[in-house]
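Undergrad: Dumping what Swiss-Prot says about this protein:
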TOPO_DOM  1-30  topological domain 'Cytoplasmic'
TRANSMEM  31-67  transmembrane segment
TOPO_DOM  68-74  topological domain 'Periplasmic'
TRANSMEM  75-98  transmembrane segment
MOTIF     104-108  motif 'Selectivity filter part_1'
INTRAMEM  107-114  intramembrane segment
TOPO_DOM  115-121  topological domain 'Cytoplasmic'
TRANSMEM  122-139  transmembrane segment
MOTIF     144-148  motif 'Selectivity filter part_2'
TRANSMEM  146-164  transmembrane segment
TOPO_DOM  165-174  topological domain 'Cytoplasmic'
INTRAMEM  175-187  intramembrane segment
INTRAMEM  191-199  intramembrane segment
TOPO_DOM  200-212  topological domain 'Cytoplasmic'
SITE      GLU201  site 'Mediates proton transfer from the protein to the inner aqueous phase'
TRANSMEM  213-230  transmembrane segment
TOPO_DOM  231-250  topological domain 'Periplasmic'
TRANSMEM  251-279  transmembrane segment
TOPO_DOM  280-285  topological domain 'Cytoplasmic'
TRANSMEM  286-307  transmembrane segment
TOPO_DOM  308-327  topological domain 'Periplasmic'
TRANSMEM  328-347  transmembrane segment
MOTIF     353-357  motif 'Selectivity filter part_3'
TRANSMEM  353-374  transmembrane segment
TOPO_DOM  375-384  topological domain 'Periplasmic'
INTRAMEM  385-399  intramembrane segment
INTRAMEM  403-414  intramembrane segment
INTRAMEM  415-419  intramembrane segment
TRANSMEM  420-436  transmembrane segment
TOPO_DOM  437-468  topological domain 'Cytoplasmic'
Amino acid sequence: MSTRETFKISLLAKMPKDVINQFLSKDKTPFSVLFLSLLVGILAGLVGTYFEQAVHLVSETRTDWLKSEIGSFLPLWLAAFLISAFLAFIGYFLVHRFAPEAAGSGIPEIEGAMDGMRPVRWWRVLPVKFFGGMGALGSGMVLGREGPTVQMGGAVGRMISDIFRVKNEDTRHSLLAAGAAGGLAAAFNAPLAGIMFVIEEMRPQFRYTLISVRAVIISAVAANIVFRVINGQDAVITMPQYDAPELSTLGLFLLLGALFGVFGVLFNYLITLAQDLFVKFHRNDRKRYLLTGSMIGGCFGLLLLYVPELTGGGISLIPTITNGGYGAGILLLLFVGRIFTTLLCFGSGAPGGIFAPMLALGTLFGYAFGLIAKMWFPELNIEPGMFAIAGMGALFAATVRAPITGILLVIEMTNNYHLILPLIITSLGAVIFAQLLGGQPIYSQLLHRTLKNQKLQQQDLPPQSPNS
């Protein structure tokens, strides 16, 4: 027996038997599962990529209307208000009338489905999330398309399971997870982050087998290839490429992580508080719900005219920040302002996510921190943009409690691979401080709220298939 074989046997002997059985006994992945995972990834990539293009089309059309026809016979501010109010109305109406589970991010719904506690009515969720998201995001509200893309990807996975009449529960679970991974990979052009998001963030629900891991990888890669074929291979965020920072500055990155850890706990609390306040206000009454949502959308139409930095998901704002167009004071004001607008939009139950708004908040505070650090420590060679990138990963890690996903996500989105060390330090610092303060992951909190929601329990649980 060779030394290598002896080492492998000794290593296996030290591992728990249930782990060995779970992984190695299912080493022979059926070809059908691999094929279905590939199909799920392709469809999730198509849905995610065209959803992004549809949102951009709505936003550009809204701007064109304001510049031409409508703006010629209505005051500009009134036209902006009415258009955005109508777009938001579409999103809120579709959600409240046809698929209440499509409200908000949608990621907690997929996690609940992976745990067997929530149904996936893909025949409702896919059209409602797609067209409702077009309306809500196109109105200028502070919402991200990434959470909806994950939910639609998961819905695609369940759709494929139903169409091909997959009965095996492990396979259905794997395809659901594969769809979620494909959705995130297509949303951010980040296949590694899509894979790791399912494995790390959804770890309480994800069933770790070689089959499920392979399904997730295949789907994420396929979805990302589809994205790149349609949109090209450029990174989602165009920004400067930085070299590795000096070792003497790493302590500042740890401090930034600690600050984001504290803020992440507060931010998660404010999100759930905002949702509770909105529910108490409209009490699930459709007229109140639609009127409130339309008014919010209209107000963001006005903000688009006068303070556009406080509107939209925030991905397009990130390059503007890192190009150095704002001072620290303005950045902190925008940071506070976007906290309020994020809570207002996400808390209202609109069909949109919180990924992109969180990344924008991390960039705002991180760049402001970098500017202040550069002023206080002129002897250090500080690039504020490095702290902006680290801030993106840190806030994601503190709120979602998935530091590895946050690190990979930011690196893939910005192509700043040299910043891996400061990203690790900042993200881990944020997670540690958030845990010390007793904070809980945001999606776990949102899933808990969903399971307590009587309206969702009554309207969403039946039926389980489109024909029942």
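Placement of Cβ uses the backbone N, Cα and C atoms for every residue, glycine included.
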Undergrad: Please work out whether the transmembrane segment (146-164) lies in contact with the transmembrane segment (353-374), by counting C-beta pairs under 8 angstroms that are 6 or more apart in sequence and asking whether there are at least 3.
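TA: Judged by the Cβ rule, the two regions touch, with the required three close pairs present.
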Undergrad: List the same-chain residues at least 6 positions away in sequence whose Cβ sits under 8 Å from the Cβ of GLU201 (site 'Mediates proton transfer from the protein to the inner aqueous phase'), in sequence order, or say none.
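TA: Looking at Cβ-Cβ distances below 8 Å from GLU201 (site 'Mediates proton transfer from the protein to the inner aqueous phase'), excluding near sequence neighbours, one finds VAL400, ARG401, ALA402, THR405, PRO441, TYR443.
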Undergrad: I need to check the long-range neighbours of the transmembrane segment (75-98): which residues 6 or more away from its ends have a CB within less than 8 Å of a CB in the stretch?
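TA: Sequence-distant neighbours of the transmembrane segment (75-98): 58, 62, 65-66, 124, 127-128, 131-136, 138-141, 286, 289-290, 293-302, 304-305, 348-352.
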Undergrad: Is it true that the transmembrane segment (31-67) and the transmembrane segment (251-279) have 3 or more CB pairs under 8 Å, sequence gap of 6 or more?
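TA: Result for the transmembrane segment (31-67) with the transmembrane segment (251-279) is no.
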